[in-house]
Amino acid sequence: MAHSKIFFGLCFSMLLLGLVRAQLSTNFYATTCPKALSTIRTAVLKAVVKEHRMGASLLRLHFHDCFVNGCDASVLLDDTSSFTGEKTAGPNANSLRGYDVIDTIKSQLESICPGVVSCADILAVAARDSVVALSGPSWTVQLGRRDSTTASLSAANSDLPSPLMDLSDLITSFSNKGFTAKEMVALSGSHTIGQARCLMFRNRVYNETSLDSTLATSLKSNCPDTGSDDSLSSLDATTPVTFDNSYFKNLVNNKGLLHSDQQLFSGGTTDSQVKTYSINYATFYADFASAMVKMGSISPLTGSDGQIRTNCAKVN
């Protein structure tokens, strides 16, 4: 009996101290909005069938949300008189897209269960469903995130890894968010889909010797040494709209589009991991899925923190 009193006393003390926090769960909307996941999945599939690239864009939205003050949908907020949002940050401006798809999903969910499903959870589920739609792995998305009431331009500019980074900086950038170098390599595999702007790989094409010469010649036709900054090329030239392990095969053959991509296979500590993934797609899939679950759990707002935004672009 004494032990029970001590246990409950400790639990009560922890509650008072705010140390017991609501946790994310797999069945968060089971009773409050049972059609939430199927609604998101249907909308994502429709959007990806209409434009395959949208799958990569929705995956990237979730990543750019979570790396800036946690997975709280802050990336979706428009600027207001009290804060400058993240949409115009260097890594996001003229680059992030898919906001309209998220808005469509949110509108559909508001019509069937108003004020229940957060924008942050929509981003997390849409990322998973996008990968699945492009033949990639699935994972169980933890749910119960709530939405932020503010955003941070400065954090977006400082916390998101750059495509110009060397390996050591990439490892540090991901380590700052709690990821190992192995998890960083796995998450980088998201570049097996999507496209990048000429501005982001021009220097690699014209000045780096570690790029396959045939690919370099091909890229130059679409990315001149001046101008055409927004001209797009596939991150994975082999299978650009299929989520597979071709990205890693490309790296082994010096066909990484971005400087940061090829840094993963450049005589450094991550070479062996890249080789493993290039040979065994199942290992990559498993590691990617695990890393995505971990990423989706970065500093979520839960319980009574934050809010459930009615419109993802603005605070209630």
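In case you wondered, yes, glycine gets a Cβ from its N, Cα and C as well.
Remember, TrEMBL labels are computer predictions, not curated facts.
Over in TrEMBL, the protein carries these features:
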BINDING   Asp65, Val68, Gly70, Asp72, Ser74, Glu86  Ca(2+) 1 binding site
BINDING   Pro161  substrate binding site
DISULFID  Cys33-Cys113  disulfide bond
DISULFID  Cys66-Cys71  disulfide bond
DISULFID  Cys119-Cys312  disulfide bond
DISULFID  Cys198-Cys223  disulfide bond
DOMAIN    23-316  domain 'Plant heme peroxidase family profile'
SIGNAL    1-22  signal peptide
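If you check the recorded positions Asp65, Val68, Cys71, Ser74 against Cys312 (disulfide bond), the ones with a Cα inside 10 Å of its Cα are Ser74.
When Cβ atoms from all protein chains are considered, those within 10 Å of Cys312 (disulfide bond) total 22, not counting its own. Inclusion criterion for the disulfide-bonded residues Cys113, Cys119, Cys198, Cys223: a C-alpha placed within 10 angstroms of the C-alpha of Asp65 (Ca(2+) 1 binding site); this criterion is met by none of them.
In sequence order, Phe67, Asp169, Leu170, Ser173, Phe174, Ser260 make up the list of same-chain residues 6 or more apart from Pro161 (substrate binding site) whose Cβ falls under 8 Å from its Cβ. Sequence-distant neighbours of Cys119 (disulfide bond): residues of the same chain at least 6 apart with a C-beta under 8 Å from its C-beta are Ala73, Leu76, Ile102, Lys106, Asp147, Arg309, Cys312. Of all the disulfide-bonded residues in the record (Cys113, Cys198, Cys223), the one with the smallest CA separation from Gly70 (Ca(2+) 1 binding site) is Cys113. The shortest Cα-Cα distance from Val68 (Ca(2+) 1 binding site) to any of the disulfide-bonded residues (Cys33, Cys198, Cys223) is found for Cys198. For Glu86 (Ca(2+) 1 binding site), applying a Cβ distance below 8 Å and a minimum sequence separation of six or more within one chain yields His64, Val68, Ser74, Val75, Leu77, Asn92, Ala151, Ser152, Leu153, Ala155, Ala156.
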